[in-house]
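Under the heading transmembrane segment, TrEMBL lists B:20-39, B:51-79, B:91-115, B:135-156, B:168-192, B:212-234, B:266-285, B:297-323, B:330-353.
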C-alpha cells in the first residue's frame with residue numbers, strides 16, 4: 001500500500017500542475033478580448049440554459065445567436081462580440097453573470113429569461129450601470145413598473161395581457177364561473193395569477209376559490225393540488241414550467257379521479273413532449289401563448305432549421321427580435337454607450353423608414369449606422385415599444401393539447 | 001408514597017425543563033385539535049388517513065435515503081453533502097437499466113440508456129410499472145444498488161481516503177465539491193430535462209376514499225425490507241459488530257484488531273447501495289426524474305437524520321418517518337404551500353428539547 005500511495009502523490013502533483021497551467025492559459029485568453037472599435041458590436045447574452053428553464057432556454061439562446069450570426073456573416077464591415085452567461089434560472093446567478101458582462105465592457109444585455117431573474121438583474125445591475133436590457137421572455141407585469149430610466153425593454157407581451165386573456169377564455173369560451181389557481185411562487189406565477197383573478201372576478205363576475213402557490217423541486221404536489229381542488233372549482237389554472245409541471249400533472253392524473261376536468265395553462269407550460277413525460281393523455285388541457293408570426297417568420301424558420309436542425313420553440317422568435325433590435329440600436333448609436341443605445345431603441349422600431357427584417361438584418365445594421373431611419377419588422381409580430389418598454393400590442397395563440405403534442409385552435413389579438 | 005414520587009418528578013421536570021413542558025402541552029393540544037376537527041367535520045377521516053399515508057410514503061423515502069448518510073457520519077465523522085447526488089446517480093443508473101430492459105427492440109439503445117430526455121421515448125409507450133415490467137424494475141433496483149456502491153467506493157478511494165486524517169469540516173467541504181462534480185457530470189450526460197418514467201395503467205387501490213398508489217406501496221414495502229436487512233446486518237453479523245465498535249470508539253476498535261480501513265470500505269459500500277436503492281425507488285414513486293432530484297431532497301434528509309440523532313441508523317429511519325408524517329399531517333392546520341415549514345419547525349423543536357436527537361447516544365445501533 002505504501003509504495004502505491006507514494007506513486008499516487010507524484011502523479012497527483014503532476015496532474016495538479018498541468019491543470020494549473022491550463023487555467024493560466026485560459027485566463028490569459030480571457031484578458032485578451034474586451035474593448036471594441038466603432039464597428040464592433042458588443043452584446044452580452046444572459047440566459048438560463050439550466051435550472052427551471054432548462055427545457056426551453058438552450059433553444060432561446062440559439063435563436064439570439066442566429067441573429068448575431070446574420071450580422072456577423074453579412075458583408076457590412078460590422079463584427080459582433082458576444083459573451084454568454086448562464087443564469088441557471090436563478091436571480092443570484094443572473095446578477096453575478098450580468099456583473100461579469102458589465103465588467104467586460106458590454107453596454108447591452110440580451111436577456112434574462114425568467115421574470116424573477118430579469119427583475120433582479122435590471123434593478124441591481126443594468127439600471128445602475130446604465131446598460132440597455134432587452135428580455136426575450138420575461139413576461140411578468142412587474143417588469144413594466146420598474147423605474148428603469150428607459151433602459152429595460154422586452155419583446156414578448158406582458159402577462160397582464162395573458163392573465164386577462166386566460167380569464168376571458170375561462171369565462172367566455174369555456175363558460176366557467178369558478179376557478180382555482182395553482183401557481184409557481186415567483187414573479188411570473190404571481191403576476192399571472194393576480195392578472196387572472198382580477199379580470200375573472202371583476203370583469204366576468206366569476207369566483208376564484210383557491211390560489212395555491214408552490215415551489216419548484218418538491219417531491220410531490222399532491223397536497224397542493226388537494227388544496228387547490230377544495231370546494232370543486234369548475235376549472236383549474238396551472239401556472240409554471242415543465243420541470244415541476246410534469247410532476248404536477250402526474251400527481252393530478254394519478255391521485256384525483258378528475259382526468260376530464262378543464263385545465264388552463266399559460267405559455268410556460270406549452271411543451272410538445274409534456275404528454276409523453278406525464279404518461280397520460282392531456283386533451284383536457286388548453287392554454288395560451290404569445291403568437292410569434294410576423295412578416296419574416298418563414299425566413300426565420302428555415303434559417304433556424306438550417307442552422308440547428310430542429311424547429312424553433314417557444315420564445316425563439318422573440319429572442320431573435322431582442323438581439324436584432326439591440327444590435328440595430330447599437331449600430332444607430334455608433335458607440336458602445338448604454339445611454340446612446342437606449343436613445344435609439346424606439347428609433348429603430350417605430351413606424352416609418354426603411355423596413356428591416358431577418359432576411360436583411362446585416363444590411364439593416366449598416367443602414368442604421370449610416371444614419372438612415374429604420375423600421376424593424378419583428379419575426380414574432382410587430383415590435384413597437386410603449387412608454388414602459390413593453391410591446392404596444394400583441395397576438396396570442398389559443399391552443400390545446402392533443403394525444404401527443406399541442407395544436408393551435410385560433411389566434412386572438414389583445 | 002408512589003404518588004409523591006411521581007409528583008416530585010413532575011415538579012422537577014416543570015422546574016428544570018420548562019421548554020419541554022411548553023412543547024408537550026402544545027403537542028397534546030394539537031392531538032386534541034385533530035379529534036375536535038374530526039368531530040366537527042372540518043376534516044374527514046378520509047383526509048386524515050390520506051395525510052398519514054402520504055406522510056408515511058415520504059417518510060420511508062427520507063428514512064431509507066438517510067441511512068447511508070447516517071452510516072458515513074457515524075463511521076467517518078463528517079456530513080456528506082454529496083449524498084444527495086449519490087441518490088440521483090443511483091436513480092439514473094437504475095432507470096437507464098430499467099429502460100433498456102423494458103424497451104430493447106422497440107427503441108434505439110442510445111435513447112433508452114439516456115432515459116429518453118431529448119430523444120423522445122414516451123413513458124406511456126414504454127409502459128414501465130410494477131405489474132407490467134417487474135423484472136425490469138428489479139434489475140434496475142439491483143443495478144442502482146451495485147453501481148452506487150461502486151461509485152461510493154471509487155469516490156472514497158479518490159477523494160476521501162487521502163484525507164482520512166482530516167477533520168470533519170475539511171471533509172464536508174470536499175464532499176460539497178464531489179456533489180457539484182457528480183451533478184454536473186450527470187447534467188453533461190443526461191441533460192437537465194425532466195423526464196417521465198412510469199407509464200401504462202399504474203395499479204392503485206382505493207379503500208374508503210383513500211388512494212394507495214401501487215408504486216407508493218412498492219416503495220414502502222421495499223424500503224421496510226431494506227431497513228430490516230440493515231438491522232439484521234448490524235446486529236447479527238461480525239461485520240455489523242465491527243461497524244458498531246468503530247462508530248463507538250475508533251481508536252479502541254483499532255487496538256482490538258478490527259481492520260478499520262476494511263470497515264470504512266464496507267460502510268461506503270453498504271451505505272452507497274442503500275442510497276442507490278433509495279434513489280431508484282423515490283424516482284419510481286415520483287414517476288419523474290431530473291438531475292437535481294437528490295439535491296432537492298438533501299435538506300429534508302439531513303433534517304430527518306438530525307431529528308433521529310446524527311450518526312444513529314435507527315434514528316435516521318424513525319426520524320424520516322416522523323418528519324414525513326408531520327409534514328403531511330400539518331395540512332390539517334396550514335395550507336399546502338407551507339408544508340416544509342412545519343417539518344423544519346419540528347426539527348427546531350427537537351434541537352431545543354433534545355439537541356442530540358431521538359436516538360442520541362446510540363451510535364449506529
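Every residue gets a Cβ built from N, Cα and C, even glycine.
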## Note on the structure
Relative to the transmembrane segment (B:20-39), the stretch among B:91-115, B:212-234, B:266-285, B:297-323, B:330-353 with the most Cβ pairs under 8 Å is B:330-353
### Task
Establish whether the number of Cβ pairs under 8 Å between the transmembrane segment (B:212-234) and the transmembrane segment (B:91-115) reaches at least three, counting only pairs separated by 6 or more residues.
no
## Note on the structure
Counting Cβ pairs closer than 8 Å to the transmembrane segment (B:297-323), the top stretch among B:51-79, B:91-115, B:135-156, B:168-192, B:266-285 is B:51-79
### Summary
Given B:91-115, B:135-156, B:168-192, B:266-285, B:330-353, the one sharing the most C-beta pairs under 8 Å with the transmembrane segment (B:51-79) is B:266-285
### Task
For the transmembrane segment (B:91-115), find every same-chain residue at least 6 residues outside the stretch whose CB is under 8 Å from a CB in it, and list them.
121, 125-128, 132-133, 135-137, 139-141, 143-144, 147-148, 186, 189-190, 195, 197, 276, 279-280, 282-283, 289, 291, 293-294
### Task
Would you mind listing the long-range same-chain contacts of the transmembrane segment (B:168-192), meaning Cβ under 8 Å and 6+ residues beyond its ends?
76-86, 88-89, 92, 114-115, 117-118, 155, 159-160, 290-292, 295
